[in-house]
């Protein structure tokens, strides 16, 4: 928790100035809101330059500025392509060298074919001039055809080694980058995370590392092969006749100029796209992790629009990126075709001049054709390399950052025997993320060894800052913290944190079992290496001490129960007790309790507090508490106000002083009307408690009878109910099994995303067809050129004339290709980025449409869904944009080329076409294998990404437990598992890819052998032969290129199926459904009629067992009872987060399941136990309470005044325009809660639901806010869940829950007189002076 110092007593003139300033700025247009949203996120994610930081911190003294800069500065890493391989091992580099050589050798195979071609051309001329016999000709032809076969076999082996090798090394290196990035993240100081959203970490560790992997894997091999082909071709050309080769080499210069000029813009656009997606990922992570809040307030539309702000920015830069690549590719094709024309023109002059012969010219021209064509294959890969460099820059900037407070460092001393005396000496503290606010000023405090020191005071006064400084989450700007007289800066940080156990206000559990969560408390302690049996005993003992053992054993799987992501499957109190058990299991020297019992009910709190009191003995304990009943026995109570110590002493001393502490006590004092209880009465009450546990529960006020008339029948009913509900829930789960979709269905589904671009997409298809037809046309020109150069010396005049004509035709073809390729690139850039934008936007909206049960499923964790949004949408573009255009283009090339070949020489064409089905079969089989591989790989990476996201979003808990090494071991284990699984799939798919590429040589061998025979017999002339061979070469190559897109298509198919499943999933409780009655007005009668409920993820665990409850209009009722008894579940059912298994919830006599869910929820407002704020300004967060934008400032101000937050907001430099940070990280818990209350009040609800609404507030704020809530409750039906009983003593009826039933009800006074369960709870919270 990051606290901000408040100034509640702002003078009137200061407030009026703020009011005059703020409304104008806060009444913003949509574009202004987008700017604020962008600002809020960009502030959180951009690398801060030293100049930026100096400007932000200019008002501070130099030494303070330096301390804050160390905690904030993020270096702006300049990545080059070489830096992507920085984590390659020696073995990786050796392997890379081998596979690079294989790629280069594979690339040299095609130019070697031109040597054979030139030789055969000479042989053809010889037989035409009758210089050799037909048998000699046939022998030479057969031998050269066999050379083609040998070349094909060699290329198959070389390509296979290259593809498998590069994919393996790429995955291996990327695996290390993922691990290094997470390792670097876990070593950062907490100030770094105040600037960084957990969603950005997920985006970096999934989408960005995938981009790096894409840029260093098989695309490197393909590029090396293409470059090798290019250079080999030109080397052969220079050897044959250097003058012509030199002239044709101008191609290289032109291409380098084009690529160099455009790639600068490509890299910048790629970087900006990644930044925008990172910011969007942070918003998505915030929203999904707080989905209950978004659902309760119906803010899905507003939050989706906030997400779209960043998607639009990413779309803008993405379009620029794709357009530049399209223009670059078009320019390169134009240069290539122009070069053909230049070659023919100059070649004809050299031939006529007698400087060279036909064989050399044919060899050189064909080498130039192949070499120039191959360079075209490099262009599509440059985008992958550029994206990899951009992604690398973002990732390496974090990896290279030297943390100011590094938990992974071995530096620093240790103290052999820690006594535990803590001293804060002259402390001044400023949070790095909010440098304009001083949180602590001149704090001097000694915490004696073995004593308990309590810190109390208003929210934001600096209490939790004490914990942050002692744990070294932050460094103070001046002063020092000492442990046993040693400045903690000189101590080893990991060792220091292992001496301290922390239980924080919002308990964080990890997505594993209860046993493993408690075991985490043993990290770094001597007990960590004990036997499993001893560890088990310690864990059970700690759970018993924390009053957690009984509820754990009540769970079906006991200690082996998985708690879900962040412990969502447990109630707040249950999570808190497990966190306490985790803290005390290692018997620490220093215990920090930051609101450690805030989430517990009074009964649990009493037991746990006794356990904590016992655990505190003999160790140094610092307790931060708002609930003063928990700290009255402390050895020293320190009252902190405004970042300074106001007073300190024992409970009695401070009460006698009649100062600030007494005011806090009075604010929280419960008005009990009872006499002193004798010791005998206490014994009697204990006996009553025991008898109550085995007898019939107390009468329910509303039912008029005992809920369970017969105990045996009741037990039987529960058993039956369990079976029935388990069947119902298992049926619901089975209905959600993965649906399989046909390829056609998925293609239609993806095409739907580009529906608005249909017309321009048709234009794109038109240009793609024109581009594709270019190569077969070039084949005609090429054959005509060869035929022209074959003319005898007597026709040299005609030769020069024809050569000029065909050279000009090549130039014209180049210009046409420039236009068509560039136009195609621009059009598909628009379509592709629009598809990605809509896919992300609609899938995010589809997620927000789902009911809460969807998010409870383990596979739908925040990390998994955020990763899905960032990664799978990118995969979806594998069948759109540049990929789709290229596939259509090469398909056209294949069809037109084969058609032309059939038209001019059907015999030779048919023989060559017979090989095409084999190529298609290889390609499609590879496509199918990759689709299967992608499905498996995606799940593995989702799992590891989800785990990384969970760890980073709980960084304070990870840091305080020194769990960094454990997190890394699990994460690296997940990555290793995925690498092993992928290798076999890669081996299969690469086999087929190599086959599909090398088959073109076998096709050429067959074509030359059969076509040469036809030529030798005189059936075909030179034009027919060269045309058919040229068409088949490029046609079959085009088929191979189509299948090089198989990985992208495989990913797209898998992603499309996931999207279709998400879009097709219609939730049971559907916010988009128009069905159900809409309520215009509501009186506010709420009824529960025999409600039974179990959570869908835990069908064997009953939560509510026949609940009957009636709340009359305008009535204020309170729900109290032990943790896990069903109080918060009751609130969830009123909100209709879930539907009941049996029975019903009614409003004004109408079953809420038959009402329109949006209309119904519009009459409710919820304030939860853990407040949720989103990226953006304070004003934006308050306005999330209403579904319209035209809310006057006065209404916003009124809601904030009612929630006692207005004065604090106006004291901030930017007032209502203050950016709250990721998840409200810039504010303290109390400040966040009051903004959440303001958000509820601006809604003006008829039914107000308060789930621990004031649990995060100090006594002073609580009193004012409670009064505001009491006033707000007038005329409204209010249901309040409370552990702190002082907040609900004025309730009209208080219902005491136990095990899903009401066991007692009445007013505060009636229940006190009954001296039952409620009476005990009140007694435990008594704030009377200790005797």
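For all residues, glycine too, the Cβ spot is worked out from N, Cα and C.
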Of the ranges 93-113, 114-134, 177-197, the one Swiss-Prot annotates as transmembrane segment is 93-113
In Swiss-Prot, of the candidate ranges 1-51, 205-255, the one given as region 'Disordered' runs 1-51
In all the protein chains shown, the tally of other Cβ atoms within 10 Å of the Cβ of residue 463 (ATP binding site) is 27
Cα of residue 457 (ATP binding site) to Cα of residue 529 (N-linked glycosylation site), in Å and rounded, measures 41
Going by C-beta under 8 A and a gap of 6 or more residues, the same-chain neighbours of residue 1127 (ATP binding site) are 1119, 1120, 1121, 1251, 1281, 1297
Per DSSP (three-state), residue 1108 (N-linked glycosylation site) is strand
For residue 860 (N-linked glycosylation site), the number of neighbouring Cβ atoms whose distance to its own Cβ is within 10 Å equals 19
Minimal Cβ count within 10 Å, across the recorded positions 459, 461, 1108, 1123, points to 1108
Nearest to residue 463 (ATP binding site) by C-alpha distance, among the glycosylation sites 293, 529, 860, 1108, is 293
Whole-number Å distance separating the Cα atoms of residue 1123 (ATP binding site) and residue 1108 (N-linked glycosylation site) is 19
Closest by Cα to residue 529 (N-linked glycosylation site), out of the recorded positions 459, 461, 860, 1108, 1125, is 860
The answer, for which of the glycosylation sites 293, 529 has its Cβ ringed by the most other Cβ atoms inside 10 Å, is 293
Comparing the Cα of residue 1108 (N-linked glycosylation site) with the Cα atoms of the recorded positions 293, 459, 461, 860, the shortest distance belongs to 293
